[in-house]
Structure formats: C-alpha cells, structure tokens
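Colleague: Here's the feature list from TrEMBL:
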BINDING   104, 109, 114  oxalate binding site
BINDING   107, 109, 114, 156  Mn(2+) binding site
DISULFID  30-47  disulfide bond
DOMAIN    58-210  domain 'Cupin type-1'
C-alpha cells in the first residue's frame with residue numbers, strides 16, 4: 001500500500017510539473033492558421049503546412065503606441081493572436097508605452113509569469129501576493145535597464161513616476177497569457193455582477209457601486 005501511495009505522489013508531482021507551463025512542441029514549429037481547411041492537425045493544433053511556412057510567419061514590427069487615453073498607457077501585445085509563429089512555443093511579449101504619470105492598472109495574467117525590462121523612463125511597479133501569504137505588497141522603482149518579475153496569476157501594476165515618457169518590454173511565459181484588468185472585470189463585466197455581491201464584498205453603499213459601474217473602464221491592451 002505504501003508503494004501505491006508513493007507512486008501516486010510521484011505521478012501527481014510529474015503532472016504538476018508537466019502542466020506548469022505551455023506544453024513543449026513535438027516538432028520544430030506549428031504556425032497557427034485561422035482556417036483549419038488549409039492546415040495540418042499536428043500535436044493537438046491546426047498548423048500551417050510546414051512546407052508553406054515563411055520567415056514572415058515569425059516576424060512582426062512594433063511601433064510606439066498612442067498613449068492619449070484615460071490611463072496614459074498602451075500595451076501592444078505580441079502573443080499568438082498577433083504572431084502565429086508563436087503557436088506551441090510557450091512565450092510572448094508586450095511593449096508598454098507610458099505618457100508622464102501613465103498607469104498600466106492592476107491586472108493579472110492567469111496563464112503566464114512576466115519579466116519586465118525598462119527601456120526608457122522610470123516606473124514604480126509592484127505585485128500583491130495571495131491571501132494565504134497575507135496579500136503582501138512588493139514594490140520597486142525601476143530605471144532604464146532594470147528588470148522585475150511578476151509571478152503568474154498575481155495582481156500587478158506599473159506607474160510612470162518620471163517626468164517624461166517611459167517604455168518597457170514584458171516577456172511572458174505563455175503564447176497566450178491572458179489579461180484580467182481588475183477594475184474593468186469587476187465593474188464592467190457582461191452581464192453586470194450583482195450589486196448585492198459587490199456592495200457586500202467592498203463593504204460600501206450601493207450608490208458607490210452604481211457610480212463605479214457607470215464609468216467607462218478603458219482597456220489599454
């Protein structure tokens with residue numbers, strides 16, 4: 001019986017390690033396509049015929065983004081939806097442009113950790129740990145060349161605290177890490193979350209929740 005328990009534990013550990021990140025591909029590449037009729041089913045995905053793959057499938061040019069919006073920031077993602085060659089590779093990135101005092105608001109990536117490097121400017125960044133860790137806040141002021149890591153699934157943010165524009169590049173450990181912007185998800189869900197739920201959760205009057213739900217929550221992704 002002890003041997004069986006031991007084997008179950010080993011299998012559980014192996015399973016958790018195997019699914020802790022995007023699965024490894026079983027071929028050199030699997031360039032995604034939108035229309036399956038033109039593709040080959042390989043490794044659980046519809047992929048472009050390898051004979052038809054071109055260098056352009058792995059290439060994308062990114063321009064500085066327009067930050068003239070309520071948040072003063074704009075995220076330009078390069079995930080599998082924007083660059084099909086990322087399919088099955090388990091990585092993606094994003095360029096984040098900030099106007100002075102611009103904010104990339106509190107959000108999470110449910111499927112990927114993030115590593116961020118500042119290319120220009122000064123950012124105040126941080127993340128909050130889970131309830132079991134008593135929601136500790138880790139923050140740092142980053143300057144050009146500084147790097148900071150945001151663990152998978154944790155709420156995090158970046159604020160431009162410099163006097164000029166700022167630019168950062170974020171690498172993510174998933175081809176499709178996903179983004180959940182906290183305020184937008186709570187107060188602009190479709191359909192709306194019940195007032196009773198939100199008033200009790202935030203312990204505020206219903207009029208405050210109504211006000212927040214009436215706001216336009218800008219999506220900078």
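Here the Cβ of each residue, glycine as well, is placed from N, Cα and C on the backbone.
Mind mapping these onto the model and telling me what they sit next to?
Modeller: Taking the Cβ of residue 114 (oxalate binding site) as centre and 10 Å as the limit, one finds 23 other Cβ atoms among all the protein chains shown.
The Cβ of residue 109 (oxalate binding site) has 24 other Cβ atoms within 10 Å, all protein chains considered.
The Cβ neighbour count for residue 47 (disulfide bond), using a 10 Å radius and every protein chain shown, is 23.
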Colleague: Which chain neighbours of the Mn(2+) site, leaving out 107, 109, 114, 156, have a Cβ atom within 8 Å of the mean position of the site's Cβ atoms?
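Modeller: So the extra residues in range turn out to be 108, 127, 150, 154, 155, 170, 177, 179.
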